[in-house]
Amino acid sequence: MASPAPPSKKAGAALEWRGLGFEVPAKDPKTGKTFTKRILSSISGKAKAGTLTLLMGPSGAGKTSLLRLLSRRVTPTEGTILLNGHAPDYRFRRVHGFVEQEVAMFDTLTVREILSSTARLKLPERVGAQELEERVNKVVDALDISKCVDTQVGKCSGGEKRRLAVAAELLGEPSLIFLDEPTSGLDGASALNVMTILRRLAHEQNRTIICTIHQPRASLMPLADQLLLLADGRQVYAGPTWTDGRRDGMLGYLAALGFPSPSFENPADFVVDLVNSSAEEDRAVAAADKDAGSPAAGTDGKAAEHSAEAGRSDADEAEQAASLRAAVHAAKEAAQETADGLDVTGWQAESEAARLSALAPSDRIAEAAAIRAARSRAEFIEWLAAQFSASRLSEEGRTALTPDELPADPLAAAGDDGHRSRFPTGFCTQVGVVLRRVFLFKLREPEAVASLAASVLMMSVIVGMVYWQLPLTTSGLQDRLGFLSLFLISIAFSPLDLVLLIPRERSVFLRDTNANLYGTLAFYVGRTLADIPFHVGFSAVGAVIAYWMAGFQADAAKCGIFVLLTVILMFGTTSLFMAVGSLSPNVATANGIVSIVLLLAMLFSGIFVAQENTPVVFRWIGDISYLRFGVEAAATSELTGLSVSCTPQEAALGCVTTGAQLLERNSFNTDLDYIWPAMGWIVLQGVIFRVISLGGLHFLFTKQTLGERWRAAFEW
């Protein structure tokens, strides 16, 4: 029976993966044909509880794909993943945390506000406010972000943001943490600070931490317990990292293959360059560096190039090996000739040659160089993968963990309290937290609020001044129709900033939903409720101002209908903008689409072209345009029952004396009963747009398959 975990440590999580493979459909840009692209092949390994594991490799090696497979964000094509010796189940979502490469948070919220709201979503609802605050203070101290705890996130440094992202995940007490490029974009000191904290979390709190890393500085590597090196989706090493001696871990393994790390080069750079370039590319770079002015330089370079092109035969491999041995021998002779110590270059060559010979025999180095020279980059990576597959380290990686190496209580490590819900909190709590977050975000971004206020209120005043106290004449009657169309069109254009919000906030939404903080519907409802005070308030006040300034009928019912129509039209417009935003991959696309849609809605609103004069091919646009229904309903309400007098000039041209006559001229409805169905149609269109935007937000641009998003839609 396994001994219990030490009382000072949290029960851990051990992760094992065997034979993982991953394929995705791709399209050939030249032929347009679809094919299956293999991203990962036969990846095996394990991460014991309380260890820090690095996934390293050049760009496109498959690091992030492997991280997403291990975190179960995507499903592997082949292979198995085990948590504490068992296939992961619903508990896995609660035992792990995932920190994305890009820190997606509301910039105007403070660090404490971010952590407090995240804690409210991560912790069960039975957790009180005092315990929640204690948990926040605990992670603030653990991640060393107390100095910026009351600073807005947008004003924090890159390192502080990364530590904040880790702190947010620690609030749920995960035993397993995945991080995608935690040092990317950071200076050396900040990167070292982040990695030191991760090592401390792993060793002192018995957490299992797995993170991708591209090309770190040398001082970071010894902090990790083990390293997995990928190249072109193949595993070329998995085992201990290395110490400063460069004789153990991955450097020792590569030296045994004949690739010792040079003294004055970052070992991480050396390793990544080794799997990211061919020998021919290295020679080209070296030739460029050595291009000094010797007459023989060009000739030697051409000869070397010709040798490289023809270097596929055994004879060329032997020549390469002989050249390398000659270089080592020449370095030794140079050192012997400069025994007086004045020739520093020779001394350095002797020292480096001796060090390399100590790490690996010169014959082995020459043989490895010949092997690399005789192969393309892809073939060389295949060779490295084959060498590792046959090694003792590979066999150890495929061997299952023993009971002694597994956490003492696997069920406790997975947090098995019988709660199978995807989310720790209920729907109302999720909506409340999202509502508060978005509301604070909008209040602290005065440009957005001021833009909406200016668009609605200032336009209301300007339009009201232009149509100030319209007279009860035929021209005044016509101007009333112009006022209604212009005012309602300005309302339709006023919340244009909303079309930008979904593309901007999508990263925050995806981060939180992938972390199981809330569902798509909760985010959408909270996001919508946060906008209501601004959209409804500004549009209602603007409608009252414009109605009074234009001198419309002093009838409370008609004024109420006008205000209600304005608010409903704002609902339809914001719904349309949210639909466009959720269906667009970026802000530029959303702007282009919404401009075209609004132009069509305005053109076929019934003011610029009468519906019966509209070409048949376009008439359907006016038949469904919510803007046309809004303008027609407002005109019907205001002009029906209104009588005016004619001036002598108007009488000579044919006078319109009633609002009903003007409505008929413009093919508008004259029945007051039309107003309520028109409002209902606008609301219905708004609801349809909202459903579309909800679907687009959930299914599109999520880096997951439609099947995975469909299943997630029904998880609660």
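Positions of Cβ are set from backbone N, Cα and C atoms, glycine also.
What TrEMBL says about this one:
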DOMAIN    24-257  domain 'ABC transporter'
COMPBIAS  283-292  compositional bias 'Basic and acidic residues'
REGION    283-323  region 'Disordered'
COMPBIAS  302-315  compositional bias 'Basic and acidic residues'
TRANSMEM  449-470  transmembrane segment
TRANSMEM  482-502  transmembrane segment
TRANSMEM  532-549  transmembrane segment
TRANSMEM  561-580  transmembrane segment
TRANSMEM  592-610  transmembrane segment
TRANSMEM  674-701  transmembrane segment
>> Short question: most Cβ pairs under 8 Å with the transmembrane segment (674-701), which of 449-470, 482-502, 561-580, 592-610?
In response: 561-580
> Hey, does the transmembrane segment (532-549) touch the transmembrane segment (449-470), meaning at least 3 C-beta pairs closer than 8 angstroms, sequence gap 6 or more?
Replying inline: yes
> Which one of these stretches, 532-549, 561-580, 592-610, has the most C-beta pairs shorter than 8 Å to the transmembrane segment (482-502)?
Replying inline: 561-580
>> I need to check the long-range neighbours of the transmembrane segment (532-549): which residues 6 or more away from its ends have a CB within less than 8 Å of a CB in the stretch?
In response: 442, 449, 452-453, 456-457, 459-461, 463-465, 467-469, 483, 487, 491, 494-495, 559, 562-563, 566-567, 569-571, 574
